[in-house]
Amino acid sequence: MKSQYVSLWLLGAVLVLCSVHTRGLRRCLISMDMHHIEESFQEIKRAIQAKDTFQNVTILSTSETLQSIKPLDACCVTKNLLAFYVDRVFKDHQELNPQILRKISSIANSFLYMQKTLQRCQEQRRCHCRQEATNATRIVHDNYDQLEVRSAAVKSLGELDVFLAWIGKNHQDTSAAW
């Protein structure tokens, strides 16, 4: 009888540990004030979107790329899209207005911080990149490449709220940490 309880206890402990391990693979916590990033974007959104000459084209939203991402791939896609914004969009965008440039720089710095944190998660093997995640990122890059560089950068900056909302939706149980 006693061995039966011990066996059940061990089985329960293994299930709890597996559950915690699986959750850890999906989530890499980042101590970041997403509200501040969203606020910075809202302050420049109208000015950025006014420069968008391709109103009927989208880079992030129409492909439904982000909506089809499974929770297991959220870390990888987030890491890849942060890199996309840091390495391409922020570098390709040319802004003359110093106030808007400051806000964009603030967002870029926040993205760099999140990117570094997710890179550490990947190094610790807690942020796996499956083929679906790689495909989703490639679609975004392909959409970007279809436009002239400056237009693509403006378009991507104008759609930043789509990416921020997706982060919020996919990490809502860690809203304070994201």
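Cβ atoms here come from the backbone N, Cα and C positions, even for glycine.
Feature annotation from TrEMBL assigns disulfide bond to C28-C121 (among others).
Under the heading disulfide bond, TrEMBL lists C75-C127 (among others). Its Cβ taken as reference, C127 (disulfide bond) is surrounded by 24 other Cβ atoms within 10 Å in the chains shown.
Per TrEMBL, disulfide bond is recorded for C76-C129 (among others).
Residues annotated as signal peptide in TrEMBL: 1-24.
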Residue pair C129 (disulfide bond), C75 (disulfide bond) - Cα distance, angstrom, rounded: 8
Top Cα neighbour of C121 (disulfide bond) in the set of disulfide-bonded residues C75, C76, C127: C127
Intrachain C-beta neighbours of C76 (disulfide bond), sequence separation six or more, cut-off 8 angstroms: Q122, C127, H128, C129, R130, A133, T134
C121 (disulfide bond) CB neighbourhood, other CB atoms within 10 A: 22
Residue among disulfide-bonded residues C75, C129 with least C-beta crowding, 10 angstrom cut-off: C129
